[in-house]
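Summarising the annotation, TrEMBL assigns compositional bias 'Polar residues' to A:1-11. The region 'Disordered' annotation in TrEMBL covers A:1-21. Positions annotated as transmembrane segment by TrEMBL: A:28-55, A:89-106, A:118-138, A:150-172, A:178-194, A:215-242, A:274-302, A:314-336, A:342-361.
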């Protein structure tokens, strides 16, 4: 093999072999497959529930809405589908997508496949703020069932996410640079603080408030409606659409901060962008659906197992698989104990925790 | 021309570099030599803009380093680091392609693919292109990173014709590049570096093997405790006295007519322990 080495730095263009182009094919296949799968899962799960709607009817209703009349539609089915199911499925898709892609991005930022958006305080900051509002009963939150109350609560959760993340980020900055290991440790400390604040609030809370708190801690897509979707969708879509544009610098970042710098990556700008987009996405996701764990951790890991580490594939594929898994989890959550509903965080936790342990045992945690 | 002018670097009152200057002209391979802790890596990191010196300035073609945009700089100089802590399982191909990142937006162009293929061939790792980097041996990984920095600096016309003039001066900064490489690839790496100097690249390499320095370097900077002892041609810098001064080691320098360069061998005299020196 060594004798085959060319001994000059030139190769005549005619002798140049066709570019191997290894990296692209796999990623396109995977993302294409996931898109098809997502559409199938959405159409399938939108028909399942207390009122069962067969797939042909689902398609008929959807096409009717788009202006193509292809069949007779039952009004009851139509109402259930458009008023209840569709916004919930769409919210699940967006929340799952944003959790998956933010998880992948945060893992890239921390250069650790076991990192998770919850790790740097985004989720706990959001939920602690929501819980504070519920228990302290500020005037605006008194009627939580009203729409304005829900919005105000969501806004508080989002503000909490931004505050904690900024706090972690500033504390972890030294001489204008973010030390990633410090950031992780500060994140852990802040998480503990948020947890005890939430414990204190639970201690002070009455029966009804406790139920509301558990909703925030375990997550649910039950609050979905077109109004909620209207407010949340843009904020959930922004990270999903913008993060894949960061895939090149994030790949270089896997070589370490200094080497990424040598390759011309503006490292502090990259870190800032990832943090802003992840806070926006996960903060709003927690605001509308509570804390849904393990999607951000497990999904990107699974994708890397299939496609390799290139963020050009990993980022969009994590969004797609996150959307698929959350849609399916919500399907389980709303049907398994019907007519009641299980918090969705229980389902994702039950799938996620064993997967996480499996990753640890197999040593897939890299340096961790 | 790459110039480091009167570089002083202090951290917590400890002086790592004390008024060190270095000039690398296009076409030169400059070796930086010295004992462990002499400040070699600090100097290289200052030249690559990873560290900002306490005093002094680094210039490329008379333009201060901090006036370059990071992208501009990435096209002018590439760094082979001593440590390459890669997380995530990137393939060899993907990692070498990262060298082309400063050159394209979005998807790689066909010339980027050609340059990556060439870099893989030239460093003897084409057969490993589909493997994931963490599964390779240390020496193979080092060659992957060499391929990456080749891809980072080379342009398509340089591959097509050996005499193609380079568009602007470019610099290769190598921090102990031969670490982990076998005998064949140590020389192969420095051959690649000297071929690049013939095209007008400037190379700065931290080397420990003084015989490699004698064989390949055009100039040598000898460092001791953060200070520059001498800077000049290898044969005049590396003398029995200067080597004893810098490394505290007695050597013979053998001139053999059939060899191109003198040979440095250690004489097995008793070496004083570090405690006895100070």
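For all residues, glycine too, the Cβ spot is worked out from N, Cα and C.
Those TrEMBL annotations? Automatic predictions, nothing curated.
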Given A:118-138, A:178-194, A:314-336, the one sharing the most C-beta pairs under 8 Å with the transmembrane segment (A:150-172) is A:118-138
Non-local residues, at least 6 beyond the ends, that sit with Cβ under 8 Å of the transmembrane segment (A:89-106):
38, 42, 45-46, 115-117, 119-120, 221, 224, 228-229, 232-233, 236-237, 239-240, 243-244, 246, 250, 274, 277-278, 281-282, 284-285, 288-289, 292, 295-297, 299-300, 303, 311, 314-316, 318-327, 330
Three or more CB pairs closer than 8 Å, sequence separation of 6 or more: does that hold for the transmembrane segment (A:215-242) against the transmembrane segment (A:28-55)?
no
Applying the under-8 angstroms CB criterion, which one of A:28-55, A:118-138, A:314-336, A:342-361 scores highest with the transmembrane segment (A:274-302)?
A:342-361
